[in-house]
Each structure stands twice: as C-alpha cells, then as structure tokens.
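Listed features, source TrEMBL:
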type     : residues                                                                                               : note
BINDING  : 89-94, 141-144, 176-185, ASP211                                                                        : FMN binding site
BINDING  : ARG301, THR538, SER599, ARG600, LYS605, LYS606, TYR607, VAL608, THR609, ASP642                         : NADP(+) binding site
BINDING  : ARG457, TYR458, TYR459, SER460, THR475, ALA476, VAL477, TYR481, GLY491, VAL492, ALA493, THR494, TRP680 : FAD binding site
DOMAIN   : 83-227                                                                                                 : domain 'Flavodoxin-like'
DOMAIN   : 282-524                                                                                                : domain 'FAD-binding FR-type'
TRANSMEM : 20-39                                                                                                  : transmembrane segment
Amino acid sequence: MENSEGVKIESTVVTEEPLISALDIALFVVIITVAYFWYFKRDKQSSSSEKKPYTIQPSSLSSIEQTSNSSFIKKLKSTGRSLVVFYGSQTGTAEEFAGRIAKEGARYKMKGMVADPEECDMADLVEMKEIQKSLAIFCIATYGEGDPTDNAMDFYEWLQNGDADLEGLNYAVFGLGNKTYEHYNEIAIYIDQRLEELGATRVHEIGLGDDDANIEDDFVSWKEKLWESVCSHYGIEETGEESNIRQYKLVDCSEVLPERIFSGGISRLKSYENQRFPFDVKNPYLSKIAVNRELHKSGDRSCMHIEFDIDGSKMRYDTGDHVAVYPKNSSELVDKIGELLNADLDAVFSLLNTDEESSKKHPFPCPCTYRTALTYYLDITSNPRTHIMKELIEYASDPKDQEKLKLMASSTPEGKKEFHEWILRDNRNIVHILEDLPSVKPDLDHLCELLPRLQCRYYSISSSPKVYPKSIHITAVLVNYTTPTNRVNKGVATNLLAQLIPTNDELPQPTIPIYIRRSQFRLPPKSQTPIIMIGPGTGLAPFRGFIQERDYARKEGREIGEMVLYFGCRKKDEDFIYENELQEYVANGTLTKLHLAFSRDQPEKKYVTHLLEQDADELWNIIGEKSGHLYVCGDARSMAKDVHSIIVKVVMEKGQMTNSQALSYVKKMEQQKRYSADVWS
C-alpha cells in the first residue's frame with residue numbers, strides 16, 4: 001500500500017511542480033553532511049580507542065618502526081642469532097641476569113639478545129622453531145603476593161588465555177623469588193609448566209633463586225648446569241673464550257649542548273621541569289614535601305611521618321596502595337668514588353650499546369655526567385654480585401688483590417665462602433671494595449656499565465584519599481646500621497627523606513620524584529564487613545588509611561563493621577606511633593578494639609602474636625562466624641609466618657577442623673581476598 005501511495009504522490013508532483021524543490025535539496029544536503037560527520041567521527045573515535053593510553057617511545061620512531069621492533073623473531077633472523085633471553089623484572093635483578101646469560105651465549109656459539117616481553121609480540125614464540133638450534137630463556141621474578149612483574153603481565157595473561165602451538169620451541173626458566181613469601185617463585189613455576197603444556201621442550205630444569213638467602217649463588221649454580229644441558233641438547237662444545245666483552249662503548253659527549261644532557265630525569269629530558277600527566281615508573285611526579293615530622297617520642301631511632309603534596313597532579317590513589325619514591329645516592333659516597341678512581345665526575349659521557357639491534361641503547365639516561373650517573377642512576381650501596389668481581393680482576397695491579405677477586409668470582413666452595421663472608425656478611429658495597437682493595441682502579445665508564453640501576457623504594461600509603469585527596473602519607477623508619485667492618489651504612493631513600501624538611505618561609509619547598517603503584521590490599525567492598533588488622537611497627541601504615549576511610553564513612557552516617565587492630569612496638573613511651581590518633585578512633589567508636597603489645601616494657605618479651613594466641617574466640621568470631629576479613633602488614637620473615645600459623649590453629653580449634661581442613665579454609669580465605677598480606681623481608 002505504501003508503494004502504491006508513493007507512486008501516486010510522485011505522479012502528482014510531476015504534474016504540479018519541479019521534480020526536486022529547493023527545500024528538498026537543502027534537506028538532502030543536511031542529511032548528507034550529518035551522515036558524513038557521524039561516520040568519520042565514529043571512525044576516528046574507534047581508531048583512537050584502540051591506542052594504548054600512554055607509552056613512552058623514542059620520538060624518532062615511526063609507527064612502522066615500532067611495529068617491526070616488536071618482532072624479536074625478525075631481529076634474531078636478521079642478525080643471525082639463535083638465543084633470546086626474556087626478563088620479567090621489578091627491581092632490575094632479572095634483567096641483569098638475562099644480560100649475563102645472553103653475553104655468555106657467545107662461548108657456546110649461540111649469539112644472544114636480551115628482550116623485554118612488554119616490548120615484544122610474544123606470539124612470535126611459535127616461529128622460534130624456524131631458527132636452527134634456537135633457545136628461549138626466561139628470567140622471571142615473582143612480585144608481591146604471587147603476581148607477575150609489570151613488564152611480564154601481558155605475557156603471563158597471553159599464556160593463561162591462549163592456546164598457541166609451541167612445539168619446536170626450546171626453553172629454560174630461572175625464577176627470582178623470596179622464600180619468606182608464601183607464593184615463592186609462583187610465576188616462574190607457572191610459566192615453566194605452561195610452556196611445556198603448550199608443546200615446548202624444556203632444555204634444562206627450572207632454577208629457583210631465593211633472594212632471602214643468596215640468589216647470586218642460586219643463579220650461578222643453575223647457569224653452569226644450564227650450559228651443560230645446552231651443550232648436550234644441541235651437541236655443541238664450549239669454545240673456552242672468555243665473555244668479558246664490553247656491552248657498551250664509551251662516547252665522549254663534552255661537546256653536547258647543556259640542554260641535551262640528562263640531569264636526573266628517568267626517561268625524558270627535562271621531565272621534571274616540564275611535567276606531563278600521566279605519571280608512572282618512567283615518568284614520576286616531582287612532589288613537594290608538605291609535612292615531615294618525627295613520630296618517635298624518644299630513643300635513638302627515628303620514624304618519620306611524611307606527606308607528599310599531589311595537588312594539581314591529577315594523581316589518584318586508593319587506600320592500601322603503595323607510593324614509589326625515587327632516591328639519590330649521598331654526595332659523600334659519590335665523591336669518594338671520584339677520589340678513589342682519580343676521575344673527573346663532571347665529565348659528560350654516554351654509554352652506547354655495541355649491539356646495534358638492541359632496543360636498549362643505553363644502560364641509563366645518556367648523555368650525562370659521571371656525577372649524575374652515580375647520584376641518580378646507579379646503585380652504589382648494595383652488595384655487588386660475583387660477575388662484577390670477575391670484571392674487576394683486570395684492573396687489579398696487586399697480585400694479592402687479583403687473587404682475592406678471582407677467588408670470589410669463582411664457583412668453587414672456597415670462592416663462594418669467601419664471597420659470602422667478605423661481601424655479604426661484612427656488607428661491603430663498591431665503595432668499600434675499592435677502599436679495601438686499593439690497587440683496583442677500574443675505568444669509571446666500565447664501572448658505570450657494571451653497576452645495577454638504582455631502584456625506587458616502595459612504601460605503603462598511610463592515608464585515605466577520602467580524607468586526604470591532595471596528599472599521600474607514608475610512615476618510614478630511618479635506616480642506619482653499623483657493619484662488621486665498623487662502617488655506617490645508611491638507607492638511600494630514608495636518609496634522603498630525613499633531609500627534606502619543609503620550611504615556613506618563601507624558599508622553594510623540598511621535592512622528590514614519586515608515582516603510585518596499585519595494590520590488591522583493599523578494604524572490603526561493604527563498609528559493614530568486620531575486619532581484623534595486624535600491623536606491628538610501621539606495619540600500621542596502611543591500617544591508618546583503612547581506619548581513616550571507615551571513620552569517614554561513619555561520619556557520613558553509613559554503618560561500619562567492627563574494626564580490631566593489633567599493634568606492637570618496643571616501648572609505649574618511645575615508639576608508640578600515632579598514639580593520639582588511635583585513641584581518638586577508639587573513643588569515637590570507629591576502632592572497636594585496640595590490642596597493644598609493648599615488647600620491652602616488661603621483663604618478658606610480649607608481641608602481637610602472643611595477643612593473637614590469647615584471643616582465639618574473638619578471631620574466630622570475626623573470620624569464622626561473621627565472614628570478616630583479616631589483614632597482615634609487616635615483616636614477612638617471622639611475624640607474618642607466625643600469624644599464619646596462629647590463624648590456622650584458631651580455625652582448627654574453634655572451627656572444629658582437622659589440620660588439612662583448616663589449611664584449606666585459610667587458603668580459601670586468601671583466594672576470596674578475605675586474608676590479605678602486605679609484607680616485606
């Protein structure tokens with residue numbers, strides 16, 4: 001009927017007026033214009049939504065070059081390499097180990113390259129079989145409570161969700177973990193097993209490094225056996241050639257313009273002068289120190305309450321998150337290296353990768369002065385690893401110093417014993433080594449190549465964004481201790497923070513680079529859920545934020561659940577931090593119960609674990625009968641383990657379960673995020 005009417009109308013129009021009127025033309029133009037803009041705007045939005053929210057790339061790279069750079073297979077083929085070593089690293093150790101393996105590959109006629117899985121298309125692993133005698137090695141750290149490192153997250157998820165056919169891929173895995181944590185080397189173990197499930201061939205058994213003991217020894221022992229397995233698998237022999245080949249070459253940059261020289265920025269020139277959101281590990285925010293006050297009332301120890309100003313930064317955090325602080329080395333230690341090596345610390349230089357195909361052109365931001373490198377980019381306070389001992393041998397002019405270095409660099413029982421006693425037990429850093437072996441005078445540029453990167457330090461945030469949206473609070477103990485050689489070692493970050501005291505005058509306020517790292521340490525979604533918090537010492541930090549958030553909810557008129565806090569310190573009159581705040585929360589009803597243990601206020605030691613053992617009924621009432629949440633923050637080595645054992649015992653006794661049933665119950669609590677730990681070793 002519509003068609004017949006249409007034909008009839010059209011026929012009538014033809015007899016009375018022109019086929020297309022001016023109005024028709026106008027409407028047609030409007031419709032076409034709207035359709036055009038709608039189509040192309042939608043296309044543009046669709047295209048932009050597919051882009052990553054923020055990545056830092058060298059400005060000279062085109063999109064085509066970036067795509068090609070993600071293909072490690074193309075690089076292997078084009079450069080005649082057969083070995084690729086991937087690293088999942090949070091602190092730089094796994095990356096360092098990966099570099100050492102790739103370097104040693106030359107001794108076995110396997111030219112190697114190091115690769116960051118975050119920068120690679122890991123689906124290319126299926127093509128490894130196309131390269132003759134190829135091998136993929138994974139140096140993978142487990143971070144936090146059984147999580148992948150940031151740069152290995154995508155690869156981990158690809159393995160979990162994908163079903164690629166990896167037949168023909170030869171691989172080996174070395175894990176970096178810490179036995180004080182429950183999920184010891186969990187990510188490395190998963191990757192090792194998952195690669196086999198997908199058809200890959202394990203060339204050598206997985207190695208598990210324990211950072212709580214001697215991870216260097218674990219790595220060296222595994223690496224030696226790895227090469228034995230590689231030789232057997234591929235039918236090759238070691239060439240016997242030493243691998244002391246420089247990875248980077250020195251470039252004189254004395255003629256470089258001052259504005260092109262790095263002065264402490266992490267990845268972008270003048271990044272602190274020209275701040276750009278968003279802020280992350282490669283682009284930290286230069287925050288003013290708003291508050292820096294002492295929390296201890298007396299005694300010879302110091303605990304600082306510090307507030308970072310984030311007003312105007314667009315940074316957001318959640319209660320329970322961590323803040324990363326970028327420290328710098330003391331000028332005293334930096335100057336000492338210059339004196340010991342008779343070097344000009346203000347000379348401008350660059351280290352350029354001798355491997356032109358490597359995506360990592362420099363070991364740290366270059367060009368810069370030696371002073372900048374030693375102050376901001378290099379770790380000069382930790383214990384050097386054995387490969388550094390090996391590299392220093394050629395610089396020793398005294399035969400005795402030479403022999404000592406050779407011994408410590410060896411994998412013999414005597415060598416391991418000497419390294420453990422002289423380096424680890426006596427807690428020597430590179431400055432101490434140069435002082436105690438006076439004939440060792442390495443080239444400063446080579447030393448800069450050898451030393452690991454200075455890493456940021458992480459602190460639990462001790463505030464709630466609901467109460468303090470424009471600032472981040474931390475609670476930090478000043479680290480100072482005397483070594484067996486009667487030297488005073490100082491914590492890099494806390495000693496720097498101790499000097500950053502804000503003033504009340506018009507002078508510029510002290511600043512420090514920071515960024516926020518997300519955490520899984522979270523309050524229950526419902527404010528009515530009861531919680532137990534166990535945090536002796538600075539373990540109280542995140543719970544201060546928890547309490548603030550619940551107090552905020554209570555003041556808004558919302559119902560809040562029970563909050564029970566277990567806190568302990570040495571002496572009530574000395575190091576009871578935030579005492580007045582906690583007592584006020586008890587008085588207003590936000591904090592239901594506050595259990596306190598002062599270990600040295602009576603003849604017998606009293607810790608929070610003793611209180612927990614006495615409070616089995618209360619613990620079970622909350623975690624068992626009321627399905628509440630339990631949180632632990634503090635020392636992983638002893639306190640957190642003891643708490644876990646006590647909770648299992650409480651579940652057994654009060655829940656009338658067997659040991660295995662209680663363990664399963666607690667495990668389920670962890671899986672449901674009802675038992676959470678934020679601990680450190």
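Placed from the backbone N, Cα and C atoms, the Cβ positions cover glycine too.
Least packed by the Cβ count within 10 Å, out of the binding-site residues ALA141, VAL477, ALA493, is VAL477.
Within 10 Å of the Cα of TYR181 (FMN binding site), not one of the binding-site residues from the list ARG301, ARG457, TYR459, VAL477, ALA493 places its own Cα. The subset of binding-site residues (TYR459, SER599, LYS605, THR609, TRP680) lying with their Cα within 10 Å of the Cα of GLY144 (FMN binding site) consists of TRP680, given in sequence order. Residue pair ARG301 (NADP(+) binding site) / VAL477 (FAD binding site) shows a Cα separation of 8 Å. ALA493 (FAD binding site) has GLY92 as its nearest neighbour among the binding-site residues GLY92, ALA141, ASN178, SER599, LYS605, going by CA to CA distance. Summarising the environment of TYR184 (FMN binding site), the number of other Cβ atoms within 10 Å of its Cβ, over all protein chains shown, is 17. Long-range Cβ proximity for TYR459 (FAD binding site), meaning a same-chain Cβ under 8 A and a gap of 6 or more residues, is found for HIS322, VAL323, VAL325, ILE474, THR475, ALA476, ALA541. Considering only the binding-site residues VAL477, GLY491, LYS605, TYR607, ALA141 (FMN binding site) has GLY491 as its nearest partner by CA-CA distance.
Candidate binding-site residues: SER89, THR475, SER599, THR609. Fewest other C-beta atoms within 10 angstroms, SER599. A C-beta separation below 8 Å, combined with a sequence spacing of at least six in one chain, links TRP680 (FAD binding site) to GLY634, ASP635, ALA636.
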